[in-house]
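Feature annotations, reproduced from TrEMBL:
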- 113-133: transmembrane segment (TRANSMEM)
- 140-158: transmembrane segment (TRANSMEM)
- 196-217: transmembrane segment (TRANSMEM)
- 237-261: transmembrane segment (TRANSMEM)
- 334-361: transmembrane segment (TRANSMEM)
- 382-404: transmembrane segment (TRANSMEM)
- 482-504: transmembrane segment (TRANSMEM)
- 524-554: transmembrane segment (TRANSMEM)
Amino acid sequence: MQGSYRHNKSYWEYYRQFCKPGFNKPWKSVAQVIRDEDCPSMIIPSRPFLKRCFPDFSTKNGILTVANQTTFKDGRGKTRNVTDLREAANGINNVLDARSVGMKIFEDYASSWHWILIGLFIAMVVSLLFLVLLRFTAGVLFWIFILGVIGIIGYGVWHCYWEYDHLQGTPGSDLTIYDIGFQTDFRVYLQLRQTWLAFMIILCIVEVFIILMLIFLRNRIRIAIALLQEGSRAIGYIMSTLFYPIITFVLIAICISYWAVTAVFLSTSGEPVYKVMANQTLCKYANLTCDPETFNTTNVTKLCVGAQCTFAFYGGEGFYHKYIFIFQLSNAFVFLWLVNFAIALGQCTLAGAFASYYWAFRKPADIPTCPLFSSFGRAIRYHTGSLAFGSLILAIVQLIRIMLEYLDHKLKGTQNSFTRFLLCCLKCCFWCLEKFIKFINRNAYIMIAIYGKNFCTSAKEAFFLLMRNVVRVAVLDKVTDFLLFLGKLLVAGGVGVLAFFFFTHRIPVFTQETPTLNYYWVPLLTVIIGSYLIAHGFFSVYAMCVDTLFLCFLEDLERHDGSAERPYYMSKSLLKILNKQNVEIKRH
């Protein structure tokens with residue numbers, strides 16, 4: 001450029017756009033220009049990516065080049081081959097490839113979104129049918145599962161006995177596990193009769209335990225199944241409750257949006273800070289803040305030769321910027337509080353609706369009109385403080401868990417075993433505490449919806465009520481968890497198999513062919529995951545229904561005796577299981 005500047009100044013007009021703003025000294029010494037970084041020493045072809053310049057590679061005569069060159073000098077003056085530059089840019093190429101894959105995935109969604117919606121609608125219908133059919137199939141599914149487990153364990157006992165008898169007389173099979181010691185190959189232990197004998201004894205103990213549990217807990221299991229059937233019946237009368245998770249989803253989405261926007265504003269509330277970069281022993285202005293636009297007009301460049309005003313960090317040095325982390329932590333706490341409040345509002349609303357079903361003496365005649373809407377209004381008008389207080393306790397525990405995870409991440413590189421052990425114990429304890437508080441809150445919200453008392457009183461009454469019936473609680477919890485987990489798998493698996501045959505075999509529906517896709521797994525996984533989430537939303541309402549009816553059932557047993565003055569409110573099936581059908585009052 002300098003060579004052509006004397007004859008043609010137009011090239012400088014093109015070159016100056018790559019120099020520092022305000023630099024207009026093309027005759028300055030090349031060494032000084034490079035030292036002061038006023039202009040780049042050379043210009044090579046490049047392409048933009050994320051507001052950065054990356055070399056534009058080209059191939060000529062089978063040779064990889066950049067700007068017709070195959071070698072370059074790095075920042076330390078060492079000669080490098082263009083292939084080294086290519087390897088350094090491979091990471092960016094991978095990102096570009098990922099962008100290409102992302103575009104293909106977006107194309108697949110654009111061409112198959114209506115089929116995905118049809119699959120999700122089918123999942124919703126199947127979930128609804130499963131909940132309705134639980135009224136008739138809950139007991140059958142549970143006993144089929146139990147008999148299947150007993151049969152599998154029985155086969156295991158027989159197989160262990162066969163292996164034990166088959167190894168009789170085999171050399172070395174009579175050795176004990178203690179004789180051979182610890183072996184990394186597990187197959188060695190399978191050659192010992194003692195191993196199969198131990199397996200057989202363990203399986204026999206498990207088999208006997210399950211059979212005895214079924215014998216002694218048969219009435220409680222029948223009560224649990226009856227409550228599940230009653231929950232299906234309650235949802236059949238109050239179908240609107242199945243769609244309440246949409247309201248909870250919208251509220252949580254608003255909370256997430258609020259948190260994200262606030263976090264972004266906090267993160268970007270700082271300003272770029274520039275500092276003087278110079279030799280600290282020769283320049284007293286080193287590491288002081290500066291303004292890059294006016295830096296060249298100050299005396300710093302004269303007093304400190306080669307000093308530059310360069311970007312240091314993004315933020316600030318004031319009181320506000322020093323406590324950005326505290327503000328972000330407060331924002332996270334508010335987010336946790338709001339999310340927990342939205343969930344608590346949903347639980348209390350559903351509990352109130354299902355409680356109005358249980359305490360209706362004549363079902364469905366005495367069920368109030370619009371029970372879900374009425375319960376939502378009561379929760380908003382009378383129970384906001386209790387719900388906020390319960391959410392606050394849970395949010396504090398969750399915030400402590402987040403802080404422990406942050407500390408664990410920061411101290412991960414340390415070699416202090418005691419610190420890691422202490423953090424692990426604290427994380428475990430607070431995880432257990434969070435699970436316990438969620439359990440207490442859930443039942444407290446049910447008692448709040450039933451009686452309208454404050455949070456502490458409701459939590460205490462619910463806890464002691466459950467502790468007085470701890471065996472029934474355990475049985476109902478396990479039976480409910482099994483049936484709901486089975487339902488989620490059936491819905492997600494069934495719809496997933498249907499979607500697999502639809503997308504892979506190009507089955508025409510309504511005279512429309514299956515769209516041609518880049519990746520068939522994109523809509524398939526979307527349908528499977530979406531079906532599971534839809535089933536989870538429906539079944540979460542069902543689980544809340546069963547928990548509410550269970551607490552109402554326990555309260556009904558303790559507060560009423562079946563007399564005319566204090567009649568039972570439970571269904572006929574529950575009265576029959578409890579052998580109290582003779583005290584039932586005729587309900588007109």
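Note that Cβ sites are derived from N, Cα and C of the backbone, with glycine treated the same way.
Automatic prediction, not curation, is the source of TrEMBL annotations.
With pairs at least 6 apart in sequence, the transmembrane segment (140-158) and the transmembrane segment (524-554) have fewer than 3 Cβ pairs within the 8 Å limit; the two do not touch. Between the transmembrane segment (140-158) and the stretches 113-133, 237-261, 382-404, 482-504, Cβ pairs under 8 Å are most numerous for 482-504. With a cut-off of 8 Å on Cβ pairs spaced 6 or more residues apart, the transmembrane segment (482-504) and the transmembrane segment (113-133) reach 3 or more such pairs and are scored as touching.
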